[in-house]
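Asks: Structure provided below as structure tokens; questions to follow.
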């Protein structure tokens, strides 16, 4: 029969070595990427966890409760730091989450110390640590599993941590009724299985964190490649790409669509008279006026300089005319609300609109050309107005 018992000292040494190897890899990575704070938090978590298992080794060779107490306090801190890093790398570490982890970790450590000082039993110590870590793990786990925006990788890692949180939650009451079954300090099958689970968590947790970090970097690179830094609108390449795809979808489902081209009137004069920094502020202000009018699925891009484009899937002539007029009026009204001490220049916009009827097969370049002609008509007619061109 297979004997699953392993030497406890060997188990703890392997865990220490696993965390130290992780620290070495992170140190090499941090040498070139020292500005990533999320890496610093995960790096600190690995140090805390290495110290944790080192203290467990010492507790086997020393009498008294002091070293074991220190080991469990470091265990709580290490778990908290790792979950904070996991939330940070998935953009879920809010001010509320920060406060929770500070208070919950402090509460868990305080509860453990009170147990040691007032009623020192293994059952209570195990229950406090298990429940404290279970809650720490559950928060990022549930977020990773339930968010529809997360990738399959994020959800898989979330399920892994959620499973551990459930096991630790079940371990809490078991500590009072079957202490020998859940005490990892007692040699036996449970101790061996716990070690294997901890080592698997170490490996999978490290790989998962690195992969999630890469996902985050990829998302940031995609954002930088797709959006205009100044206005937050899609850049020209990304706008045309997404518009082309959306236009095809409109054709397939048989709905109309409208293409709108917008130009800030006399923008060159504003730039020359007030400076480029004022011109940049004006473009940012205008982009801020556009966003509230966009529906889900609408596309807004900076086509170049002071020229912007909007694609409205499902918008017929009436809807697109209303959109253009509402936007023009909103910009004009904002100028009237400037205070007396406001030194920013007033500006207006001219708009060219073209609509593709349902079922039409007009190419995107033709839409741009038609809307550009309509924009020219609006400018030629005196600016601060919208004009329409046939598709």
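Glycine residues also receive a Cβ, built from the backbone N, Cα and C atoms like all the rest.
Note that TrEMBL annotation is computational and uncurated.
Quick caveat, the model's predicted, so the values are computed rather than measured.
This is the feature table in TrEMBL:
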type	residues	note
DOMAIN	255-391	domain 'GGDEF'
TRANSMEM	12-29	transmembrane segment
TRANSMEM	65-89	transmembrane segment
TRANSMEM	101-118	transmembrane segment
TRANSMEM	124-146	transmembrane segment
TRANSMEM	158-182	transmembrane segment
TRANSMEM	188-212	transmembrane segment
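Walk me through where these features lie, including what they touch and how far apart they are.
Replies: Counting residues of the domain 'GGDEF' (255-391) by DSSP class, helix then strand then coil, yields 63 helix, 34 strand, 40 coil.
Nonlocal intrachain contacts for the transmembrane segment (65-89), taken as residues 6+ away from its ends with a CB within less than 8 angstroms of a stretch CB, comprise 37-39, 41-42, 44-46, 48-49, 51-53, 55-56, 58-59, 97-98, 101, 104-105, 108-109, 112-113, 116, 120, 125, 129, 132-133, 136-137, 139-140, 143-144, 161, 205, 209, 212-213, 216.
When Cβ-Cβ distances below 8 Å are used as the criterion, the transmembrane segment (101-118) is approached by residues 65, 69, 72-73, 76-77, 80, 83-84, 124-125, 128-129, 131-133, 135-136 of the same chain, each at least six residues removed from its ends.
Long-range Cβ contacts of the transmembrane segment (158-182) within its own chain (Cβ-Cβ under 8 Å, at least 6 residues beyond either end) map to 86, 122-124, 126-127, 130-131, 133-135, 137-138, 140-145, 150, 188, 190, 197, 201, 204-205, 208.
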Asks: Counting only residues 6+ away from its ends, which parts of the chain sit with a Cβ under 8 Å from the transmembrane segment (124-146)?
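Replies: Distal contacts: 72, 75-76, 79-80, 83, 86-87, 90, 92, 97, 100-101, 104-105, 107-108, 111-112, 115-116, 154-155, 157-162, 164-166, 168-169, 171-173, 175-176, 179, 182-183.
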Asks: Near the transmembrane segment (12-29), which same-chain residues lie under 8 Å Cβ to Cβ, leaving out any that are not at least 6 residues past its ends?
Replies: 39, 42-43, 46-47, 49-50, 53-54, 56-57, 60, 195, 198-199, 202-203, 206
